[in-house]
Structure formats: C-alpha cells, structure tokens
C-alpha cells in the first residue's frame, strides 16, 4: 500500500517524493549557481505536486554531475550559498528536503556529503559518504558515522549514499541506531540497475526498515543515469518504483513508520535485526549474545584481511587517472584538494 503515491495520506503516514533529477554538467561556479536554482525550483514543484508531501529527496551528484571534478572553485561549504538556498527553499515551501553536495575539505580530498533540512529551514542531518565508489570516485572517506534523526511526523531517518548501500553493514547500522526510514541517494548508471534493485529490497527486509532510494536520471552526453526511484516497505516489497527513466519525474509514496515499529516489536519469524544478537533464543534463555563473526573482530582490531588480500589487483585509483595516495586516513594534506 502506498496511498496512491501519497495522494491519500493516513494519520500516521509520511509522504516521500524522490526526484529523478536530470544529470547536469557543472564546470564553473556559474554552472553551480544555475544548478542550485534548478534544485530550488524542483523543491517548489514537489510542494505544488503534492500538498501532503513531507520529504523531498534529491539524488547524489544533483549539483555537480558525474565528472568527479575536484576543482575547489566548485566545491561547496556548509556555510555557503548552495546550502543556504536549500534551507530557504525548504522553509518557503514548508517541506523537508534531502540534498547532495561535494564538500570542500582543506585537509584532503573533497567529501561527498548529504544533508537533510527540515520544513523551517534548519539543518537536521549532516552525513559524509563512508564508502566512495572506488576506484572511480576520489572522495575522502566519511568520518561522521551514520546519524539518525527525528524526521517528519517523528519518523526516525538515516541517510546513506550510493555505494554505501552495497554494504549490508551500512543498512544494519542505520537500523541498529533506530532508523525506521533509510534514504539512499545515488548517481548510479544502468550497469548497476539489478544490483540497485535487490540491495534496496534486501536492506529493507533484513532490517525491518523502509528504504527510499533514488538515482540521477537522463544523459549528460557521456553518462546515462537511470532514475530508478524506489521505495521498499519493511518486508522488502516494493511500494513505488520509477521505471520510465523520465527526467525530473517525482516518484511518490506514503510510508508508515508506525508499522515499522509494530513489526520490530511484534514479529517472531524473520525479525532479523533483533535475532542477530539473540541467536537461538528458543534453545537458550535470551539467545546466544556472542559475536561469532571473525570479520567483525578483525575489522574492529584494525586487522581486516582477506585470504586473497595480496592477490587483489586494484587497490588505488591509478586505473581511473588518479595519483596513487601516500597519505594515511586521518592525516591532513594541505594541497590534496587543490
């Protein structure tokens, strides 16, 4: 059930709109300013489209396109004009918004960041992509963790970006911290279509969590993005799915975070987010509450290493034209983003 794309709002429903934004080409500060206005105008379109919409979501790369340009002249800052324009648009249209920026980083490569702004224009969530799509993307690994916030109607929201969603641990972290709706923004192109679809569904089902997911759309003359706005219910079923590939179409649905809460408390079979920490609770009181997974221990101890580690062929970005890095994670480099 999606309330006819959110046209029929229930008492506890949250209306979500996913903008399958036309893929832009952004080279200059003037291009950046024009694309900012495009997004601002689409916030207003979303409000006109559905007066009951609570949250409008724009894809990753909505401002900058897919060029991977790290020119500091077109990088954004949290106190810059682009974020200010998004805040004003949300306040003026009385709607929550999720936006993508490539963020200037004086100590390294730019961050691929996402923000959520409420309907008063206040910044509520600030996230930096944790898993850049290597070896293609040059972005600095995110360092803010995964925040979870109180969103529209009190729904618990989390945001991850594109390739993040290919790691089951990311969706699990969102749910473990309480997220009832996980937003996933992306710039993926057509070769990733099937992987995109089944991970959106599995991220929902494995965590009893709604997922709201959207890519860029259309062509920039080089790349072809796919749109594929997709909202999945907490049981993994698809509530809404944009399959037309039509640019700037807004895929809409109502979701029910109250039913997510009910399922997490009331489900027995396939309550996987609970059962992970309570293995075999029929046999032993409270279930086994150990951590039997080797990779978890190794990752936490800084010794994550695959049996075939030394044979992995692609371990930096040189194949995609980037210089081999010498700086370690967490160490600043004055000129890395210049």
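Using the three backbone atoms N, Cα and C, a Cβ is placed for every residue, glycine included.
So that you can see what the record holds, here are the features copied from Swiss-Prot:
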ACT_SITE  60  active site, proton acceptor
ACT_SITE  129  active site, proton donor
ACT_SITE  162  active site, nucleophile
DOMAIN    14-257  domain 'CN hydrolase'
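Features recorded in Swiss-Prot, as mapped to the structure shown.
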residue: 60; record: active site, proton acceptor; Cβ within 10 Å: 30
residue: 129; record: active site, proton donor; Cβ within 10 Å: 27
residue: 162; record: active site, nucleophile; Cβ within 10 Å: 26
- prompt: How long is the line from the C-alpha of residue 162 (active site, nucleophile) to the C-alpha of residue 129 (active site, proton donor), rounded to the nearest angstrom?
  reply: 8
- prompt: How big is the gap, in Å, between the Cα of residue 129 (active site, proton donor) and that of residue 60 (active site, proton acceptor), rounded to a whole number?
  reply: 10
Task: Take the domain 'CN hydrolase' (14-257) and average the pLDDT across it for me.
output: 98
